[in-house]
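Over in Swiss-Prot, the protein carries these features:
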type: ACT_SITE; residues: 212; note: active site, proton donor
type: DOMAIN; residues: 2-45; note: domain 'LysM 1'
type: DOMAIN; residues: 48-92; note: domain 'LysM 2'
type: DOMAIN; residues: 100-420; note: domain 'GH18'
């Protein structure tokens, strides 16, 4: 498989004819309902034989296919790199030999839709973390979920279901609830026991702790709670995963509640939420810039074994009205819908080489200018390359109902997915 960047005058028909792929193939893999593609749009071409184009080089072809140049040369010993002929056929070597896991979050809808989505994603999934149970100040689990169908389907499809436990309230993630639980030994033990009972009685394979906005004052207590929970779950053969905000140093005041080294020594896996560097309340910019993801990984692997680390990627972006006015809020948009929006408004897509992130601008019916940052097959491919480069455990995503049609194809290209 390789990626074609749409140029001026390109159509799906002309691109398909160029490479020997049908329009339906290209539309299906990329999830396109319409055909009015725009310059700069990245299209995944689902072929393992590349047809050389005028002025192509082997280096350029390797970059399009996201494969090492040496591997491309080795797969095509009869090809002279200095005398490529237009129309020649180049074999794209498989690089799926890296065994990796995946962990994605899923917000329940209803049993029928739960079964359908899980069945769709199961071939490309190791674990699915079902969202979400939330906690009370006394350590109780404060809600119930209709999760039986989702749990049953995941196991049937050789995927491990994890229960996501959060500190969510109607007002968002609550620092205070976590503080109350952690500072009360009775409540803390009660929560550990309640999580164990939930996992064991509902039939989960483990748990993902997603406590956000933990205060610096509770840093050591939080790590101690995770150790206590690990010991309880381990006795039953259950997995403990934690979702943590991305950190590039220990000197970020609002992230001091997370002791990466201490947490990494306790949990089975650490899901790093490597997104929202720019968010709904910020100025426009890349949501998951590769520069910051790389800095996060390098900070993390100095303290946490690389095979415990899962890099979480966003299946969404944001649509800002510009010029940006402080206090305004951007609209969240799925990556798939962002591409559809660029096509609807015929907005050329640009790509930041520094951040490895796509973006575009368009004018709406009211004449307002918008700027949209999102993820496409190029930026996702770079993130998957980084998993391989740093020998990480897995890649993950928030969250599956947002969808990203080329995603499973990319997973199959870069990895052999570990199954139960």
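A Cβ is built for glycine as well, from the same backbone N, Cα and C atoms used for every other residue.
Only residues 6 or more beyond the boundaries of the domain 'LysM 1' (2-45), in the same chain, are considered here, and those with a CB under 8 A from a CB of the stretch are 51, 53, 61, 64-66, 92, 336, 339-340, 342-344, 346-351, 358, 360, 376-378, 381, 403-406, 409-410. For the domain 'LysM 2' (48-92), the list of distant contacts is 1-4, 18-20, 381, 385, 413-414: same-chain residues at least six beyond its ends, Cβ to Cβ under 8 Å. Averaged across the domain 'LysM 2' (48-92), pLDDT for the predicted model comes to 94. Helix, strand and coil residue tallies for the domain 'LysM 2' (48-92), in that order: 15 helix, 6 strand, 24 coil [DSSP]. In terms of DSSP helix, strand and coil, the domain 'LysM 1' (2-45) has 16 helix, 8 strand, 20 coil.
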